[in-house]
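Some features that TrEMBL has for this protein:
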DOMAIN    B:198-403  domain 'ABC transmembrane type-1'
TRANSMEM  B:47-68  transmembrane segment
TRANSMEM  B:200-228  transmembrane segment
TRANSMEM  B:240-258  transmembrane segment
TRANSMEM  B:270-288  transmembrane segment
TRANSMEM  B:332-360  transmembrane segment
TRANSMEM  B:380-403  transmembrane segment
Amino acid sequence: MKDLLSYAIRRFGWMLLTVWAVYTVSFVLMRAVPGNPFSSERTVPPAIERQLRARYNLDAPPIEQYTDYLVGIVTRGDLGVSIRLEDYTVNEVLAEGFPVSASLAILALVFALTLGVTAGVVSAVYRGSIGDVALMATAVLGIAIPNFVLASLAILLFVFLIPIFPAAGWGTLRQVALPALCLGAPVAAYVARLTRAGMLEVLGREHVRTAFAKGLPKSTVILKHVLPGALLPVVSYLGPATASVLTGSLVLEKIFALPGIGSHFIYAATQRDYTLAMGMVLTYTVLLFVMNSLVDLSYAVIDPRVKLQ
Amino acid sequence: MSDSPPPSRPVAGPDEAALARILQESREIRGVSLWQDAWRRLRRNRAAMASLVFLITLMLAAIFTPLLPLQSPIDKDLNNRRFLPPNAESVVMGSRPGLKFEDGRLTAQLAKYQAEIAEQRAEILAISDPVERAEQLAAFDTRSSVEHPFNQLWNQLGPVAFTMCRIRVAIFGDWAVPSLFGTDKLGRDLLSRVFWGSRVSLVVGIVATIVSLIIGVSYGAIAGYLGGTVDAIMMRFVDMLYSIPFIFVVIFLVTFLGEDSVKKILDDYGIEQITIFYIIIGAIYWLTMSRVVRGQVLSLRHEQFVEAARTVGASPARIIFRHVVPNTLGVVIVYLTLTIPSVMLFEAFLSFLGLGVAPPDVSLGLLLNDGVEALSIVELFWWVVVFPGAALALTLFALNFLGDGLRDALDPKMKNRS
């Protein structure tokens, strides 16, 4: 328990350091662009532009802006005002989009894990059968086809040709299912391969042979003795999987027109909305860091040999 | 070392004969190096070999794309050729009326152009004042190279690609492969676009991977070899970088680099945006490579050959790069074949979002983006997404299979086994 606490504290320290580094780099880049957010707009009378600059704290020296913004984030959690979206603060955009993106990502991960692990177990148990070959071929296909292509094909197939799912929109489970499926597909494929490799390795171990020799039913051996050991690589893949789901959500939200933060991020990037983009980068950094730490923790819980450092 | 004993000296006693025989035998025994062994095992892996052959073919096709008798990848024909399904109707280069080529043929236009150029050039050369002549000649050369008919059919050819295009015209003339893959929404030939796009995608994949290779291997090798506190700090840094969602940082950076003023500064230094693009992608894919190399180096650094090198006074840098790094090559190659596909996928992803390779350059990601946009239920233009998608998927497929095969082949545990 003490281990856990000190680990958590250390990780938190590292997270602060990382976020700070990301913040600094983004800030420097943002300010390195000549001009300011108002210089490219329709020409505003100089007096008004001065006021605008004062309102957004753009007239302060860079160092002061840097610290002010940082202090704002740390003390009030205030990420500033979006430059391009009228009447929106970055926090509001995040608050609106986050639930959408989070549920999409979680659903995709759940789907990927269930499907991937099941496929991996089946193909390892029936190694060499037609089913195994077919599943693994599908898995390679899932890795090799970019998910945006998959998504557009899926839309064509399941929305237009065989209308099972609605084309876009957000709210009901049916609307979420198709994007989540497409988002989870590459992860599922990878998980299936990892599970299969892990299963095959554990299946060859002595304790499994003993379990079979004792006359335990096949399902018990597989589920109780093989699967836990085989899942270790899958658990350690969860960190990268989260990253890939977050990345994939950028395009999928664009394709399915979902109001998540991913689509805002693309918008922010293409429209040069620096405060919004920076807010997003910071949010994603925190998310990924928390997820990685959780993965490390769960790894230590599952495998007692792993020591937290 | 000659293979047979020198004939000039006759074999004397029986001892010497025995010795000669033993020597002869020992010469015939060939040691199996790691690489030969790996190659032997790789050759048995049919999927990996097929992938290797496919990749080599692809690589050659990508390098020599300008030589192939393909249609123009950028020439648009909005009137007659929009969304043509795959067909085998023959096509003449430069036949689109809008191009206003002589006779509607590229070769005829080229001949006309060259004749005009030669004529005008002769006129300028006739100017007596040498200073003015040189000036006019320079101005004329730049102007004429802009007006070259190739520039209407191909986009910004480099000197090598330009020469290849000339050879292509010399060999194949106006003949071009029909639109076997159909045409896209602007009437451009999809087959040639897939070829030119693969070229760009492959270059991005390979260059970015090489960048990541250089950074990752040096970083990992240095951390692993020095060990101790240096290693701990360097690896903590890598851990920290692992937690940064790089995709977002890259998008941020690409946006920043796309800013007009920044672009101008870069242009002043003669740096193209795409070069930066390679470097950025490469700079984020080195993390895993450095970890893997470090692990290898940690196990290698107490080996005798390293001790020996240190004993004779080799510097740490020399030991790392001459003695240790070559021994990590196996793992590095495996990771290389697995990094290229992820880099290519990332390029496709960025291009799809409109943040990567910019038109009129083509890449597979851009083609897919076009294809996805053209997908609709009203009319099924399946070819615009299927062919680029298949090209990308096949390449990634092959790279994955080859990577897996190499991993098995180079695994020391498998040595001298089936």
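Think of each number as a place in line: the chain as shown, counted from 1.
From the backbone N, Cα and C atoms, a Cβ is placed for every residue, glycine too.
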Which of B:47-68, B:200-228, B:332-360, B:380-403 contacts the transmembrane segment (B:270-288) most, counting Cβ pairs under 8 Å: B:200-228
Residue numbers, six or more beyond the limits of the transmembrane segment (B:332-360), whose CB comes under 8 Å of its CB atoms: 74, 155-156, 200-202, 204-206, 208-209, 212-213, 217, 247, 250-251, 254-255, 258, 273-274, 277, 281-282, 285, 288-289, 292-293, 366, 368-369, 372, 392, 395-396, 399-400, 402-403, 406-407, 410
Non-local residues, at least 6 beyond the ends, that sit with Cβ under 8 Å of the transmembrane segment (B:47-68): 154, 157, 161-162, 164-165, 167-168, 171, 177, 195-196, 198-199, 202-203, 394-395, 397-399, 401-402, 404-406, 409
Same-chain residue ranges lying at least 6 outside the transmembrane segment (B:380-403) that approach it to Cβ under 8 Å: 47-48, 50-52, 54-55, 58, 83, 85-86, 181-182, 184-185, 190-191, 193-194, 197-198, 201-202, 334, 337-338, 340-341, 344-345, 348, 364-365, 367-368, 370-372, 374
